Amino acid sequence: MNTFFITGTDTDVGKTVATCQLLRGFAAHGLRAVAMKPVASGCTTVDGELVNADVEAHRAAGNVPVPDELASPYRFAPPISPHLAAREAGITVSLDHLAACAAQLQTLTDVLLIEGAGGWHAPLTDEADMQVLAQRLNAPVILVVGMRLGCLNHALLSANAVAAAGLPLAGWIANRIDPNMDRYADNLDWLKRYLPAPMLGEIAHTPDAAGGTLDTPAVAQLIA
Ligand SMILES: Nc1ncnc2c1ncn2[C@@H]1O[C@H](COP(=O)(O)OP(=O)(O)OP(=O)(O)O)[C@@H](O)[C@H]1O
Ligand SMILES: C[C@H](N)[C@H](N)CCCCCC(=O)O
Ligand SMILES: [Mg+2]
């Protein structure tokens, strides 16, 4: 059983894109692979149900059907920080419940990818954030770096915070969210040198990035 916590240098940097590509990458090795979005904000209402784009993308990329209540335990409409969305909904996010959902999902799959909301310190409640959740799940972390000016700082801050949290950084992914980033290759070289984990791969800037597959030797090494 392999579980990884997917974090990013920020919100909107490609965590969902990378999660979907990894799901297909692990499936290419004959593994059952599913994702969980513990707390989803920015949901829309469809036929009276709260629907989240991340969760829909995960479902399309995963290869094992899983119950919605496990894959996406908390959904909120406003596209705001989860702790504010939960507060406005009068709901307290329970880490115990999230850990129990993850444990149940782990019985249904070979690989479980848990996509955080926002970045590493995005709040879940007034007392806990994504770091605390990742620690509770005790999952190795995969960092998605949104390749745009400013990402070097955010990447090192995130990697240092993961280490300070006592969790292993299993790898990182360079996601080209800005196709026009100046000196892309030089920035990538800097990240390869200073991030204390293997680069699992690069994701090109493409219209249907979430539909791609990330299957590199470094990805295969994660599940060796
Ligand atoms: N490599 C890429 N090429 C083209 N578009 C991309 C790429 N990566 C991300 N995007 C687009 O950028 C937006 C944000 O990506 P994504 O939803 O994966 O970010 P996220 O980090 O999961 O955000 P959140 O914090 O809301 O979960 C989406 O519209 C997505 O389609
Ligand atoms: C709505 C957005 N797409 C994400 N789901 C939530 C982003 C939380 C960001 C919290 C923060 O300001 O760091
Ligand atoms: Mg996402």
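Including glycine, each Cβ sits where the backbone N, Cα and C put it.
Small disclaimer: the values here were computed from a predicted structure and weren't measured.
Listed in sequence order, the residues of the same chain lying 6 or more apart from Asp12 (ATP binding site) and placing their CB within less than 8 Å of its CB are Gly146, Ile177. Under the heading ATP binding site, TrEMBL lists Asp12, Val13, Gly14, Lys15, Thr16, Val17, Asp54, Glu115, Gly116, Ala117, Gly118, Asn175, Arg176.
Residue environment of Glu115 (Mg(2+) binding site) contains 27 other Cβ atoms, counted within 10 Å of its Cβ in all protein chains. Here TrEMBL flags Thr16, Asp54, Glu115 as Mg(2+) binding site.
All protein chains included, Lys37 (active site) registers 25 other Cβ atoms within 10 Å of its own Cβ. Per TrEMBL, active site is recorded for Lys37.
The substrate binding site feature in TrEMBL is assigned to Ser41. The Cβ neighbour count for Ser41 (substrate binding site), using a 10 Å radius over every protein chain in view, is 24.
When the alpha carbons of Ser41 (substrate binding site) and Gly116 (ATP binding site) are compared, the span between them is 11 angstrom. Taking Ser41, Glu115, Gly116, Gly118, Arg176 as the candidate binding-site residues, the subset whose CB lies under 6 angstroms from any atom of ligand 2 consists of Ser41, Gly118. Here the binding-site residues are Gly14, Gly116, Gly118; the one with the fewest Cβ atoms within 10 Å of its Cβ is Gly118.
Among the recorded positions Gly14, Lys37, Ser41, Gly116, residues whose Cβ is positioned under 6 Å from ligand 1 are identified as Gly14.
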